[in-house]
């Protein structure tokens, strides 16, 4: 966006006096522009979405998913996964809550697959980075992968591999409805009686949205800064010839290697976008970049460790193998489309 680019020009080229042709200048310009752009957009987006989804509780999601026929439950699950207000560390207890509520395993897995890959914050920032065509395709792919993954797991009838012992987590919290205190005339002894009233719907929504901005930024700020830092180093110091030599669309192993490289990493989807932006600018094929992004978001090693406390290895194996296969297909298709 022009506003943030102009700010970066002023800071890097005028205040610091660096040259646009230097590696340090290019790296710092990328860093300043993306830090300001992403944090401003994040704050505005989180607040706006918080106003809209203040009433979307875990119980409401269970009701929406569990109250539908199988033909409607799967699309509902992936749709709710895409707009889920729950963070990654709360997804496993939510996963178990779905099962305890009688929601089928396949429907629950469809939600679990979709949720980390797609969220409204990442979608809007991705749109500002790569445009509406790629963003729309990414969202469509994420929904499709989640839907088909849930159907496959349902077909395999793997309920016997569930272990009902979800780990406890308090990393995410929704603000409780506050009360408005009203001081009333007291008794002759001078004591005062305080009555409480629930806030108005809009007062609660604003409180919820503010808390969402605080909670989510506290959770993702470090990943975003690290992601932008890595992207800045790639942008300023890694030559384009490196990616053209080792990760071009002609290299048949580039996509699976990108997926495997993403599994040990952990980042919020928003935090990885600056890295993807820098990789694309250096010539990394679109399909390879998206495969890397989906791998980091959906099958990170920390998530697998947590999931192992809930499901046995056969479910984990199907989960990982399906995503690995699907991301390879997506990577090759996007690379072919770009060519």
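Even glycines carry a Cβ here, placed using N, Cα and C.
As written in TrEMBL, here are the features:
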type: TRANSMEM; residues: 12-31; note: transmembrane segment
type: TRANSMEM; residues: 38-56; note: transmembrane segment
type: TRANSMEM; residues: 76-99; note: transmembrane segment
type: TRANSMEM; residues: 111-130; note: transmembrane segment
type: TRANSMEM; residues: 136-154; note: transmembrane segment
type: TRANSMEM; residues: 220-238; note: transmembrane segment
type: TRANSMEM; residues: 258-280; note: transmembrane segment
type: TRANSMEM; residues: 287-307; note: transmembrane segment
type: TRANSMEM; residues: 313-334; note: transmembrane segment
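Residues of the same chain lying 6 or more positions beyond the ends of the transmembrane segment (12-31) and with a Cβ under 8 Å from any Cβ of it are 228-229, 231-233, 235-237, 274, 278. In terms of C-beta pairs under 8 Å, the stretch of 38-56, 220-238, 258-280, 287-307, 313-334 lying closest in packing to the transmembrane segment (136-154) is 313-334.
For the transmembrane segment (287-307), the neighbouring stretch richest in Cβ pairs under 8 Å, chosen from 38-56, 220-238, 258-280, 313-334, is 258-280.
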